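Engineer: Sharing a structure below in structure tokens format, with a few things to ask.
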Amino acid sequence: MHKQKLFGVSLLFLGIFVAPLPTLAQVPQFLPETLAQVVSQNNAQGNKKQLNELLKKGRELVDAGDYAGALALYQQAATLDAENARIFSGIGYLEASQQNFPAAVEAYRKAVALDPNNAEFHYALAFSLANAEDYEAAEAAYRRTAQLDPSNLNAYLGIGVVLLKKGDYEAALSMYEYVTTSHPEYWQAYEYIGAALMEQEQFDRAIVAFNEALEIAPNQSRLYVSLGNAFLRKGEISQAIAYFRNAADLDPNNALIHLQIGKLLQAENDLKGAISAYQLAARLDNRNPDIYFQIAQMLQVQGDLDGALDGYQRAVSLNPDLLEAHLEIGKIHFKRDEYVPAIVAYRQVIKLSPDNAEAHYELGLALQARGRMEEAIAAWQEAKKLYQQQDDTEGVEKVQEALNNNR
């Protein structure tokens, strides 16, 4: 039963790479670095030295990864020279880098107001608006970018992404095709066409588009990932594995690619290959709870309960909210007659997900094993109620059997 559950593979199980719509993934960076870039003509001479020092320290903090500290310095610089667009563009960059997109929008709007014909600022504003899910305003800002700088092809791709978010697939495809017609060497446009077709579940057409991109950019690992996704969505797992392996050859240090290969091999019942892929993923990224969860599942199937328990515990140490791992920890402890830690694990699942019927049922079994029948019956009654709400007939029957056997 447990093995069947683990290998009842779905797209959700396999889907860490079932790609969302592509985004213009990198925050546009327009950081002022020198005094000449930022000091407006009207700025008092006495402020120049202080501004220079603030910007120099701010840049050092950015290079050190301290975006919050750098932001404070740029905001201080803005009080000294409130007429300089580049200071506000720097603030926008730092806000966007910390995922504070509404604040980034505010800063970039100030930059645009001060320098309305700067295409870079309009592009950064559009990027931030799109990430803040203000798609109408984002589309307008991307279109303004394209007007000011027709050579900025990412502006056209941005328009397409926003149109996709708004559900206008035909208009988005038309925008991408405009780019492929005017700049046939720009492989990213074919990639975006493929992603849009994936959203419409037109997998064969998506594969054609991704292959067109690959002809132009054969060393882009993410194109092989996209092709792997397309074949996965078609149910052709062997083909998907081949493309993910191609991606891994080009990007051997990408733990997520190896994790996906492991999941696909597991789906094909290649347990040895799956374990090997998972272990490689873990060596590359020892902070990813999903990797340890997958390793634990594999070891559990193979009967290595000690190894599985260690894997699940590593997973929850990295992600304490990983409900499935807590549930399996409880089951392993229960199987080893370690009822108290099993109870603790099941209660943790219930704390995270009070409507988890299985956790209430398993908790009842562990409480029964400890002779705590009143609590066990209460847990089973809650499980029965939840199974009934979920129209889970099999679940209701097994709980009722437990209740009948303990009257």
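Just so it is clear, glycine is given a Cβ too, placed from its N, Cα and C backbone atoms.
No curator has checked TrEMBL annotations; they are predicted automatically.
Since we're looking at a predicted model, the values are computed, not measured.
According to TrEMBL, the record shows the following:
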REPEAT    85-118  repeat 'TPR'
REPEAT    119-152  repeat 'TPR'
REPEAT    153-186  repeat 'TPR'
REPEAT    187-220  repeat 'TPR'
REPEAT    221-254  repeat 'TPR'
REPEAT    289-322  repeat 'TPR'
REPEAT    323-356  repeat 'TPR'
REPEAT    357-390  repeat 'TPR'
Engineer: Quick one: average pLDDT across the repeat 'TPR' (289-322), no decimals.
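Structural biologist: 96, rounded to a whole number.
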Engineer: Who are the chain neighbours of the repeat 'TPR' (289-322) in space, where the CB to CB distance is under 8 Å and they lie at least 6 residues beyond its ends?
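Structural biologist: Beyond its ends, the repeat 'TPR' (289-322) has Cβ neighbours at 2-3, 6, 16, 255, 259, 262-263, 266, 271, 274-275, 278-279, 281-282, 328-329, 332-333, 335-336, 352.
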Engineer: Looking only at residues six or more beyond either end of the repeat 'TPR' (323-356), which have a C-beta under 8 A from one in the stretch?
Structural biologist: 289, 293, 296-297, 300, 305, 308-309, 312-313, 315-316, 362-363, 365-367, 369-370, 386, 389
Engineer: Which numbers of helix, strand and coil residues does DSSP report for the repeat 'TPR' (323-356)?
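Structural biologist: Taking the repeat 'TPR' (323-356) as a whole: 27 helix, 0 strand, 7 coil.
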